[in-house]
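Enquirer: Pulled the feature table from Swiss-Prot, pasting it below:
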ACT_SITE  His222  active site, proton donor
BINDING   Asp48, Asp81, Tyr84, His250  Fe cation binding site
BINDING   Asp81, Asn119, His213, His248  Zn(2+) binding site
BINDING   His248, Asp249, His250  substrate binding site
CARBOHYD  Asn56  N-linked glycosylation site
SIGNAL    1-24  signal peptide
Amino acid sequence: MKMHVCFSVILMFLSIFFINGALSKLERLKHPVKKKSDGSLSFLVIGDWGRKGGFNQSLVAHQMGVVGEKLDIDFVISVGDNFYDDGLKGVNDPSFEASFSHIYTHPSLQKQWYSVLGNHDYRGNVEAQLSKVLTQKDWRWFCRRSFVLSSGMVDFFFADTNPFVEKYFTEPEDHTYDWRNVLPRNKYISNLLHDLDLEIKKSRATWKFVVGHHGIKTAGNHGVTQELVDQLLPILEENKVDLYINGHDHCLQHIGSHGKTQFLTSGGGSKAWRGHVQPWDPKELKLYYDGQGFMSLHITHSKAKFIYYDVSGNVLHRSSLSKRSAHL
């Protein structure tokens, strides 16, 4: 009888392990936190940048270096469209050095870069950007379709948003997308949503940030990505995710309301000034800047502060969230 009970208990724990652990296939990483007096984590976010220094990319990179030095940043996040116009042709494409290694040269930017893919990256050889060969060329480079990064009091959930966008499949125009390891699309999306939801629910971090390329709430030129509104936004809301960070629209933007997920766009890494703004509730639209720039985040256990900068390093917008009174 006792053996039967013990065996049943073991089976129960094994079942729980396989249900909650093995079904998530997202790669998990840990970034060690520096020992700072306030125990904080600092990083920069840049998107839509890779133009071999053109369209003010080099100027933005310089200001990133200046701010990165002041904040003593831990790492940099890239929200996609890393190489224009059509990603990389292969691991030996000179665009990697011309748009990345030779541009972000400031000492403060010699930190780990964590990157996701944008739609322009999918127009090239996706496997090249995911390859360890690039890491051998420049140790800072790390790019995956989707993954989880833990650093101190923050868990980051990087999500590949490109396959969600139906028109890339039904109306590709004259573009060719590299959908290797993505098809069948519906299964890929279903698995990703399952894994994201599972990983976010498992997280015990103080702060939970989701990072993707496409916007969920945006007044930018591209407008909202309805597929993400329908499929990803409910997961963010159910799990009380603090921030959704994206690029795609070539602007700097903050949309948010009291007590809910804040939506931060940092897509001003190079070409910008689209001159088109979608109508949006002014109570939610805290910042819309149709130009080049980037953002910084400084995180402690009690506060998440974020600042937007233009191409000259001028501060455009400051805001913060507090854990002591939920969201501000």
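Our numbering is plain: 1 for the first residue shown, then up by one each step along the chain.
Glycine is treated like the rest: Cβ placed from N, Cα and C.
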Enquirer: When the Cα-Cα distance from His248 (Zn(2+) binding site) is computed for each of the recorded positions Asn56, Tyr84, His222, which gives the smallest value?
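Expert: Closest candidate to His248 (Zn(2+) binding site), judged by Cα separation, is His222.
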Enquirer: Quick one, of the recorded positions Asn56, Asn119, which Cβ has the fewest other Cβ within 10 Å?
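Expert: Checked Asn56, Asn119; of these recorded positions, fewest Cβ neighbours within 10 Å: Asn119.
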Enquirer: Could you measure between Asp48 (Fe cation binding site) and His213 (Zn(2+) binding site) for me? Cα positions, answer in whole angstrom.
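Expert: Cα to Cα, Asp48 (Fe cation binding site) and His213 (Zn(2+) binding site) are separated by 9 Å.
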Enquirer: Using the recorded substrate site (His248, Asp249, His250) as reference, state which further residues of the same chain have their Cβ within 8 Å of the centre of those residues' Cβ atoms, listed in sequence order.
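Expert: So the additional residues around the site are Gly47, Asp48, Gly215, Thr218, Gly220, Asn221, His222, Gly247, Cys251, Thr265, Gly267, Arg274.
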Enquirer: For His213 (Zn(2+) binding site), which residues in the same chain are close in space, meaning a Cβ under 8 Å from its Cβ, but six or more apart along the sequence?
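Expert: Same-chain residues close to His213 (Zn(2+) binding site) (Cβ under 8 Å, separated by 6 or more) are Gly47, Val79, Gly80, Asp81, Val116, Leu117, Gly118, Asn119, Thr161, Asn162, Asn246, Gly247, His248.
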Enquirer: Select one residue from His222, His248: among these recorded positions, choose the one with the most other Cβ atoms within 10 Å of its Cβ.
Expert: His248
Enquirer: For His250 (Fe cation binding site), list the number of other Cβ atoms lying within 10 Å of its Cβ atom.
Expert: 25
Enquirer: Taking only the Cα atoms, work out how far Asp249 (substrate binding site) lies from Tyr84 (Fe cation binding site), in Å, as a whole number.
Expert: 14
Enquirer: I'm trying to understand the geometry here, so how far is the Cα atom of His250 (Fe cation binding site) from the Cα atom of Asn56 (N-linked glycosylation site), in Å to the nearest whole number?
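Expert: The separation of the Cα atoms works out to 13 Å.
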